[in-house]
Amino acid sequence: MARIHLIIILLVISSTSSSSSSLREQEEDMIKALPGQPQVGFSQFSGYVTVNESHGRSLFYWLTESPSSSHTKPLLLWLNGGPGCSSIGYGASEEIGPFRINKTGSNLYLNKFTWNTEANILFLESPAGVGFSYTNTSSDLKDSGDERTAQENLIFLIKWMSRFPQYQYRDFYIVGESYAGHYVPQLAKKIHLYNKAFNNTPIINLKGFMVGNGDMDKHYDRLGAAMYAWSHAMISDKTYKSILKHCSFTADKTSDKCNWALYFAYREFGKVNGYSIYSPSCVHQTNQTKFLHGRLLVEEYEYDPCTESYAEIYYNRPDVQRAMHANLTSIPYKWTLCNMVVNNNWKDSEFSMLPIYKELTAAGLRIWVFSGDTDAVVPVTGTRLALSKLNLPVKTPWYPWYSEKQVGGWTEVYEGLTFATIRGAGHEVPVLQPERALTLLRSFLAGKELPRSY
């Protein structure tokens with residue numbers, strides 16, 4: 001397996017661009033201006049990188065450089081989860097990107113808490129079939145999984161850094177949320193093995209990664225979701241006891257008795273936004289989808305004011321696609337936030353990320369895990385249960401951290417890993433608590449503990 005991995009990497013390296021062609025490719029990918037965009041002082045690039053020639057799989061990226069010292073600031077790759085959901089629709093447009101989309105999808109306005117003040121941000125739509133990323137082999141949409149996604153994300157990075165050689169050897173970090181709790185550590189492991197295979201200074205200079213409200217271990221994620229729903233008075237004592245009695249948190253398929261327990265839990269939830277239980281739901285959405293999501297039956301509501309629909313209007317505009325060098329064939333299809341064909345046909349999903357965490361903490365990478373504390377879908381309870389099984393020695397005991405003269409959350413520092421909660425944030429931490437999320441990022445990039453006082 002390792003030999004096959006090395007052969008693939010060598011083939012990728014042999015196909016990388018020369019310096020003259022990389023400059024030309026950068027010029028072709030440069031975004032002059034997005035429709036409705038305010039004036040900005042930073043450069044943007046977007047386009048495609050082919051990751052599988054035979055199947056015609058190409059991944060779409062959007063790079064937003066920092067407005068100051070972009071030539072020295074680190075590169076940060078942002079990944080959203082799903083699996084099958086767009087990092088451009090969520091991460092770039094709702095969370096950490098420089099722009100927000102207005103309600104009519106006609107204009108953009110600035111996000112004053114954008115993360116590109118601290119790093120050059122690279123958004124990647126992965127795997128093929130998500131967002132603008134595509135495959136010429138339709139069966140690929142029903143054959144995606146963890147392993148292929150991690151491998152092709154690595155191939156993307158190697159080829160992308162050939163196109164943008166100024167980012168080779170630059171400090172590099174990976175950050176993601178939700179099912180990117182798989183993508184991020186799996187890609188970090190691929191990069192770590194890739195760097196070990198070449199005994200020289202790595203062009204992908206991975207320094208660390210950070211995962212927010214991420215899938216970590218199916219057993220503890222599921223158990224934690226039940227505990228969270230009960231402890232936050234969302235389900236009854238009777239239903240909670242029934243879930244604990246009839247649901248196996250290690251099985252992929254649920255029993256009939258477990259399904260009944262989950263059915264009653266769903267009824268007791270009501271129409272609550274499971275991703276942010278104290279936030280209003282988007283009352284204008286008519287196509288809300290119900291997901292079991294491997295934990296509890298919850299209804300997928302996104303944070304008001306219905307930013308999902310704004311993104312779908314904007315990124316389906318032909319002039320936006322032309323400006324972003326997306327959908328170059330102009331084949332009519334609808335850009336969506338999540339590809340449910342990919343989601344519903346996911347082939348391989350590792351049961352636990354804990355073995356990878358053990359391996360990469362030992363490798364000396366900077367690893368942070370954070371949780372918005374109002375998320376009932378991938379809640380803080382499950383994450384804490386999973387982290388406790390790593391049995392890492394405590395360096396700095398639990399304490400409150402501060403942001404803008406308020407408690408931003410709580411944190412504990414272990415040997416090789418930092419855990420932090422973000423008070424008042426949901427599944428998408430930067431949506432509800434953008435300033436606290438930015439404080440978190442600054443501390444992470446600086447390699448410093450979160451502020452103890454204001």
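Cβ atoms are placed via backbone N, Cα and C, with glycine included.
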Checking Asn136, Asn199 against Swiss-Prot, the one recorded as N-linked glycosylation site is Asn136
Among the candidates Cys247, Cys306, the one bonded to Cys282 through a disulphide according to Swiss-Prot is Cys306
Through the lens of DSSP with three states only, how would you label Cys247 (disulfide bond)?
coil
Where does Cys258 (disulfide bond) sit in the DSSP three-state scheme?
helix
Cα-nearest neighbour of Asn102 (N-linked glycosylation site) within the listed recorded positions, Asn136, Cys306, His427
Cys306
Note: in the chain of Cys258 (disulfide bond), residues six or more apart in sequence with C-beta under 8 angstroms of its C-beta are Ile243, His246, Cys247, Ser248
In chain order, residues whose C-beta lies under 8 angstroms from the C-beta of Asp375 (active site), counting only those at least six residues away in the same chain, are Asn213, Gly274, Tyr275, Ser276, Ile277, Ala425, Gly426, His427
Just checking, which of Cys306, Cys338 (disulfide-bonded residues) has the fewest C-beta atoms within 10 Å of its C-beta?
Cys306
